[in-house]
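Reviewing the structure listed below.
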Amino acid sequence: MIISASTDYRAAAQRRLPPFLFHYIDGGAYAEHTLKRNVSDLSDIALRQRVLRNMSDLSLETELFGETLAMPVALAPVGLTGMYARRGEVQAARAADSRGIPFTLSTVSVCPIEEVAPAIQRPMWFQLYVLRDRGFMRNALERAQAAGVTTLVFTVDMPVPGARYRDAHSGMSGPNASLRRIGQAITHPHWAWDVGLFGRPHDLGNISTYRGNPTGLEDYIGWLGSNFDPSISWKDLEWIREFWKGPMVIKGILDPDDARDAVKFGADGIVVSNHGGRQLDGVLSTARALPAIADAVQGDLKILADSGIRTGLDVVRMLALGADTVLLGRAFVYALAAQGEAGVANLLDLIAKEMRVAMTLTGARRIADIGRDSLVNLP
């Protein structure tokens, strides 16, 4: 299959992956309306073309939390990334490192912190949930600090797991799920050989290290359901703010009032996000929510955004709507599943190329030049 655009990787991933894994990353909550709108609302935003602007010294570089990024992009935390390629978190982290951007390790990664951090040169970020087991949370924070993690991404939009009906149909969950997954693996020999056989152990590395026993795919959904904490409030985050000395980013903000609360709390940044449409169907797309949030808190903290970003044009659109940096989730997992580390590196090259074209034709020589006046009409 020829890969010529950043969006080509989705089809390549679907061909390679067993259905339970493809639909787990590809799907969303309920009827998936928000999932679809994340993409469509962003693609509907019109950029303002400018010409004869002397764009010969264009640069994608930006600064974030004291780090220099080659472009305003980071890889988002994605659970079970290590099931999409052999030791997938390590491969994705290496690709991000080679392209000068941060990689964010998920709490529910296959590869543990101690395996991923030594594989790269630049410090990685780490994502954490609020869980009933506060001992695990403290243990994870201590291990992250010991591994040299600089930035903590704290996900707050998952006090309960979303209703992801596609998972039950695909075999990730539901009746006879284990047998269905085995059958799917048999019919996808490339994945079965690369990941199923040589990508072991298939457990949740960060959790298994803490518990002292394997926590595999069979335990994943049950562990999530029993450990997410619906009683969470801003007060529950205070000890984490005191404990964590580096930048702390609150992920899962969709409302300006919550963004203002994050400022009061002392967060260094927020991620405007609806969890990729995987939590509550029917909420605003990130593209629709971002402008009002930027108006409310821009300048008080750093604004990151995810959900619906598939191309370099999408990155530029999000920056114009008010983001300082974006997170790529599904897009990099598709590339990882299709071509491993090389696929993620190539995806980032394609996105950088698409950004350069968009910036050249909108008259933005620097990332700071991208703003509301880069758009024809706001949504």
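Just so it is clear, glycine is given a Cβ too, placed from its N, Cα and C backbone atoms.
What Swiss-Prot lists as domain 'FMN hydroxy acid dehydrogenase' is 1-379, and the listing cites sequence analysis.
Residues or ranges marked as substrate binding site by Swiss-Prot: Y24, Y129, R164, R278. Long-range Cβ neighbours of Y129 (substrate binding site) (same chain, at least 6 residues apart, Cβ-Cβ under 8 Å): T107, F154, T155, M158, N227, F228.
For M318 (FMN binding site), the number of other Cβ atoms no farther than 10 Å from its own Cβ, over all displayed protein chains, is 30. In the three-state DSSP reading, M318 (FMN binding site) counts as helix. Annotation comment: Swiss-Prot describes S106, Q127, T155, K251, 306-330 as FMN binding site, evidence class sequence analysis.
Around the Cβ of H275 (active site, proton acceptor), the same chain contributes T155, D157, M158, G162, G252, S307, each under 8 angstroms and 6 or more positions distant in sequence. Annotation source Swiss-Prot lists active site, proton acceptor at H275.
Non-local neighbourhood of S106 (FMN binding site): P77, V78, G79, L80, T81, E89, Q127, each in the same chain, at least six residues away, with C-beta under 8 Å from its C-beta. Comparing the Cα of G322 (FMN binding site) with the Cα of every entry in Y24, R164, R278, these being the binding-site residues, the smallest distance points to R278. With respect to D306 (FMN binding site), the closest of these binding-site residues in Cα terms is R278, chosen from Y24, R164, R278. When the alpha carbons of V326 (FMN binding site) and Y24 (substrate binding site) are compared, the span between them is 22 angstrom.
For Y24 (substrate binding site), the spatially nearest entry among the binding-site residues R310, D314, M318, R330 is R330, judged by CA separation. Proximity of R164 (substrate binding site) to non-local residues of its own chain (separation of 6 or more, Cβ distance below 8 Å) is seen for Y24, G27, G28, A29, R278, given in sequence order. For the substrate site listed in the record, the two most distant Cα atoms among Y24, Y129, R164, R278 lie 19 Å apart.
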